[in-house]
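Peer 1: Below, the features straight out of TrEMBL:
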type: ACT_SITE; residues: GLU40; note: active site, proton donor/acceptor
type: ACT_SITE; residues: CYS74; note: active site, acyl-thioester intermediate
type: ACT_SITE; residues: HIS206; note: active site, proton donor/acceptor
type: BINDING; residues: ASN112, SER166, LYS211, LYS215; note: CoA binding site
type: DOMAIN; residues: 1-131; note: domain 'Hydroxymethylglutaryl-coenzyme A synthase N-terminal'
type: DOMAIN; residues: 132-410; note: domain 'Hydroxymethylglutaryl-coenzyme A synthase C-terminal'
Amino acid sequence: MGFCSDREDINTLCLTVVQRLMEKNSIDYNDIGRLEVGTETIIDKSKSAKTVLMQLFEDSGNTDIEGVDTTNACYGGTAALFNAVNWIESSSWDGRYALVVAGDIAVYATGNARCTGGAGAVAMLVGSDAPLVIDRGVRSSHMQHVYDFYKPDMASEYPTVDGKLSIQCYLHALDKCFERYTNKAIAAGIRTGKSTLDMADGFLFHSPYCKLVQKSFARLLLNDFLRDETPDFKGRYAGLEAFKDIKLEETYFDRSVETAVMAASKELFELKTKPTLLVANQVGNMYTPSLYGGLASYISQHTLDLIAGKRVVLFSYGSGLASSMFSMKFTDNKSAGGALERLVNSLSDLKLRLDSRQCVAPEDFDRNMKLREQTHHLAPYNPVGSTSVLFPGTWYLTEVDNMHRRKYERTSLTHFEDVCMTEVKQMETNAFQETVSSS
């Protein structure tokens, strides 16, 4: 699980991934026309994290950049991505790139939920001739008013959570989005067979914890099964004979159904979703960047030849609630030095970067969390965390003055890896390892 010391906040995470993305791709800051941040980690109720990022553009003189922050639990990053795509497809587009940043620090009060935290940020460059192309005409959403997870206490970082309701809402939203996505995919000619699971090579999910992802993939198989008028009970749907007439809304917590569909979907899960869980397994729930950490994980598990031409389906969920399902396809262009090769190369060392983090004891994590509680919104404040453990090129907090103004600096830049189109930072500051049992 990844976490921050008092040296890092939502602004430092976003500053780090944006600057790394720009430097690794040798992108001129004048070539950015839109920048939007999706986050639910709010340290100022008025000033956006996007405006803090504008300091990176000062030397270029570029201040003509649309976008601010977007907030709705873990969905903000997806909303920012959709806004960027819509901008590029609109009459407002001026030919420049859009930058999308998803970042969060997920923390919980002492108790059973604390182990489901995490922290990180993902920056994405959106423009023409991309190595990943979003499918048109199939994006499907489900929005609903519900109090499953929310943060009404402005003096605290901790959420109020109805755990059982949150799981039910997640699965219900998944059912709705999958149904609508399937219908649109059939109409668009993307799905031509009997199963939506067969039309894509990977299925990615917002990942509060990995067990929920496995259950969610199994639920997609259940949806496919219930749509199939002639299910193959000797093949994929073996063991599901007793469930042909069930209603989806009655199965959220039905253990017999859950066990059967997880068994039936196990082989497909291992092939199409497990490769997306590297970051979720090693970092925890990053909130808005969780889904896109899954995308980075999927890319890191494939070579250029294996990933070219593949399609992935993504499910994004944010409590409260907002959810969408959409799909992307990797280009077939495998040319040397091309965009796809650069993307794959940039994430080929993802496991190595995760393994190179500093590992600390759970007791140190608890002390860090206590410090966060005591210093939350404290001003003036001088951080006490070490900067020596930060990776090269990491932004960090130097002080908060008596007017709550935050000042930042960057660690020295010693080297960078290969040029990339996407940069991911999975809290390379600290990590602790602890065996956690979850049902």
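From the backbone N, Cα and C atoms, a Cβ is placed for every residue, glycine too.
Just so you know, TrEMBL annotations are computer predictions that nobody has curated.
Just so it is clear, the model here is predicted, and its values are computed rather than measured.
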Peer 1: Spatially, and counting Cα to Cα, which of the recorded positions is closest to HIS206 (active site, proton donor/acceptor)? Options: GLU40, CYS74, ASN112, SER166, LYS215.
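Peer 2: In terms of Cα distance, HIS206 (active site, proton donor/acceptor) lies closest to CYS74.
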Peer 1: Write down the Cα-Cα distance for GLU40 (active site, proton donor/acceptor) and the residue listed as 'active site, acyl-thioester intermediate', rounded and given in Å.
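Peer 2: So the Cα of GLU40 (active site, proton donor/acceptor) lies 7 Å away from that of the residue listed as 'active site, acyl-thioester intermediate'.
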Peer 1: Hey, how far is LYS215 (CoA binding site) from GLU40 (active site, proton donor/acceptor), Cα to Cα, in Å?
Peer 2: 25
Peer 1: Look at each of the binding-site residues, ASN112, SER166, and point out the one with the fewest other Cβ atoms around it within 10 Å.
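Peer 2: Minimum Cβ neighbour count within 10 Å, taken over the binding-site residues ASN112, SER166, occurs at ASN112.
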Peer 1: Of ASN112, SER166, LYS211, which is closest to GLU40 (active site, proton donor/acceptor) if I measure between C-alpha atoms? They're all binding-site residues.
Peer 2: SER166
Peer 1: Within 10 angstroms of the C-beta of GLU40 (active site, proton donor/acceptor), what count of other C-beta atoms is obtained when all protein chains are considered?
Peer 2: 27
Peer 1: For the recorded positions HIS206, LYS211, LYS215, which one has the sparsest Cβ surroundings, going by other Cβ atoms within 10 Å?
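Peer 2: Taking HIS206, LYS211, LYS215 as the recorded positions, the minimal 10 Å Cβ count falls on LYS211.
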Peer 1: For the CoA binding residues given in the record (ASN112, SER166, LYS211, LYS215), what is the largest pairwise C-alpha separation in angstrom?
Peer 2: 20
Peer 1: Run through the domain 'Hydroxymethylglutaryl-coenzyme A synthase N-terminal' (1-131) and tell me, per DSSP, how many residues are helix, strand and coil.
Peer 2: 45 helix, 33 strand, 53 coil
